[in-house]
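The structure appears below as structure tokens.
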Amino acid sequence: MVKVKVPATTANLGPGFDTMGMALNMYNTVEMDFHHSLDITISGVGMNDIDTDETNIVYQAAKMVFDKAGQECKGLRMHLHNEIPVARGLGSSAAAVVGGVVAANNLLGSPLNEQQLAELVTEIEGHPDNVLPALIGGIVIAGWGKEHLLYHKIKPGAQLQAIVAIPEFFLATKKAREVLPTQVSFQDALFNVNRASLVVSSLLTENYELLSEVMEDRLHQPYRSDLIPGMNALIERTKQVGAIGVVLSGAGPTMLALTIDNSDAVAATMQQVFTEYGIRCTVRRLVPIMTGAEVVL
Ligand SMILES: Nc1ncnc2c1ncn2[C@@H]1O[C@H](COP(=O)(O)OP(=O)(O)OP(=O)(O)O)[C@@H](O)[C@H]1O
Ligand SMILES: N[C@@H](CCO)C(=O)O
């Protein structure tokens, strides 16, 4: 039996749509063992929102490792314990995919190396920005090259905190991608190239004064704001009380504020603004982490 612990992730970091993400200290665990049939049990959050049959994505991801390794999968016994809320923008599907792939790879004696795991989880999820930090931790910038996935990991600054306001309602990534345009203007593309580059350089140099001016986006957030009541007001007011950057976490509806200090005021303001817009939410204070999925048993 193997047990794998996988972190939550926040994707995009504002302008880095489908490209950047960061691992956070909130975890799901996957326990997995060989079995003659499929037997899935679940505990923790979202127990009633996750399938326990062959459509379960932890199982589907695990089965792909068996296929790649040329091994028959007769069944699996799995217990999933979840802390990451489902369909809220904190990488629940990425954690499920990474948990399934890493647990199965371990069970089979590690036939796939890190590069192969990174490519497999990206193919399954469709984009690398949640699955890569879930797999290897840290802040990761990633994208497909001609043949291979290219990725680079940055160490988050030690002072950086991540406050997340998690609304009670679900927003499936599929739905939040349906509102995106098929084309954008040259000016908006240029704006995001500029801002994403400045986000990376300010994270690398821990220049939070610069970071506070550049976590802006024109490729996805403007189109998604109608799906998240209060999003723009929350960004504006949370920045006024000292957050470095305030952005949509992944596809939403969770909002992410990066802070160094002023965390109490930032957390209270996020809660307050969502409440004013009639949205019940849970605010959690998290920190970026350098460790991705790890085998704990
Ligand atoms: N622990 C889990 N085990 C199995 N399947 C899960 C688990 N958590 C989430 N899922 C599946 O993933 C779906 C949610 O994925 P979705 O991409 O919409 O949201 P998300 O990954 O939480 O958000 P984001 O990608 O914006 O961070 C759920 O509907 C469920 O099918
Ligand atoms: N980059 C993705 C993250 C969510 O899976 C999006 O914003 O749609």
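Each residue, glycine too, has its Cβ placed from N, Cα and C.
According to its DSSP assignment, GLY89 (ATP binding site) is coil. Around GLY89 (ATP binding site), a 10 Å sphere centred on its CB holds 28 further CB atoms from the protein chains shown. The ATP binding site annotation in TrEMBL covers PRO85, VAL86, ALA87, ARG88, GLY89, LEU90, GLY91, SER92, SER93, ALA94, ALA95.
As annotated by TrEMBL, domain 'GHMP kinase N-terminal' applies to 56-138.
Annotated domain 'GHMP kinase C-terminal' per TrEMBL: 202-267, in sequence order.
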Summary of DSSP states over the domain 'GHMP kinase N-terminal' (56-138), given as helix, strand and coil counts: 49 helix, 7 strand, 27 coil
Cβ neighbour count within 10 Å of SER93 (ATP binding site): 22
Cβ-Cβ neighbours of PRO85 (ATP binding site) (radius 10 Å): 23
Per-region confidence, the domain 'GHMP kinase N-terminal' (56-138) (mean pLDDT, whole number): 97
